[in-house]
Ligand code: DX5
Ligand code: ZN
């Protein structure tokens, strides 16, 4: 089943609970949560306290996207404070296999993220054990950027490998998703679509959600 994951990076941080509750009321069951450290990416978002606070206010699934250096140092703590899905960038670690194991040992879904320039080849040997692969469709760091169309071939390549080997991981995309790019990605086999600015800036979020899946 294809699903839209609102990225709370585009929510109103002064009214985070309100924005989350509203999204829940229109059918959202999973939120995408972007953690940026000002080192791995040229921007700083938020960390543990914010996630802990919102965890207390909603039972929805939290998909935590770690855009941080040294993820091995923090991954377990994100599992413990209420993430349900945790993904790290392959470019940020030399210990991907170990990191996946830590996330799984904590009972969470484990994902690997690829920057636009990173080939599928770099994670081929891990594909049988990941729960999901997140293909960045912009350079990570900011909401509101333009979708990089060359990523469609990469998605296709990943989906072909999945079919060929009967793997059961999900494919997620993140960055520049709107009603047009959503369709292009879904047609290539994407299951989970992160959407930030396009959804949060929309006046009519109910019909925008419908557009994103039609
Ligand atoms: C970008 C983040 C995204 C961001 C997407 O680095 O990982 O999750 O919130 O925002 P939009 O949908 O506006 O491109
Ligand atoms: Zn993200």
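Count begins at 1; order follows the chain as displayed.
Cβ coordinates come from backbone N, Cα and C, glycine included.
TrEMBL entries are annotated by machine, without manual review.
Reduced to three states, the DSSP call for residue 34 (active site, proton acceptor) is strand. Non-local contacts of residue 34 (active site, proton acceptor) by the CB criterion (under 8 A, 6+ apart in sequence, same chain) comprise 7, 8, 9, 45, 65, 67. What TrEMBL lists as active site, proton acceptor is 34.
For residue 174 (active site, proton donor), the same-chain residues that are 6 or more apart in sequence and have a Cβ closer than 8 Å to its Cβ are 7, 32, 65, 113, 134, 135, 136, 137, 138, 140, 194. The annotation active site, proton donor is assigned in TrEMBL to 174.
Residues or ranges marked as substrate binding site in TrEMBL: 7, 65, 141, 142, 143, 144, 174, 175, 176, 196, 197. For residue 7 (substrate binding site), the number of other Cβ atoms no farther than 10 Å from its own Cβ, over all displayed protein chains, is 23.
If you look up TrEMBL, you'll see 32, 34, 65, 174 marked as divalent metal cation binding site.
Taking a Cβ cut-off of under 6 Å from any atom of ligand 2, the binding-site residues 65, 141, 143 reduce to 65. For the binding-site residues 141, 143, 176, counting C-beta atoms within 10 A of each C-beta gives the highest total at 176. Residues listed for substrate, 7, 65, 141, 142, 143, 144, 174, 175, 176, 196, 197, cover a largest CA to CA span of 17 Å.
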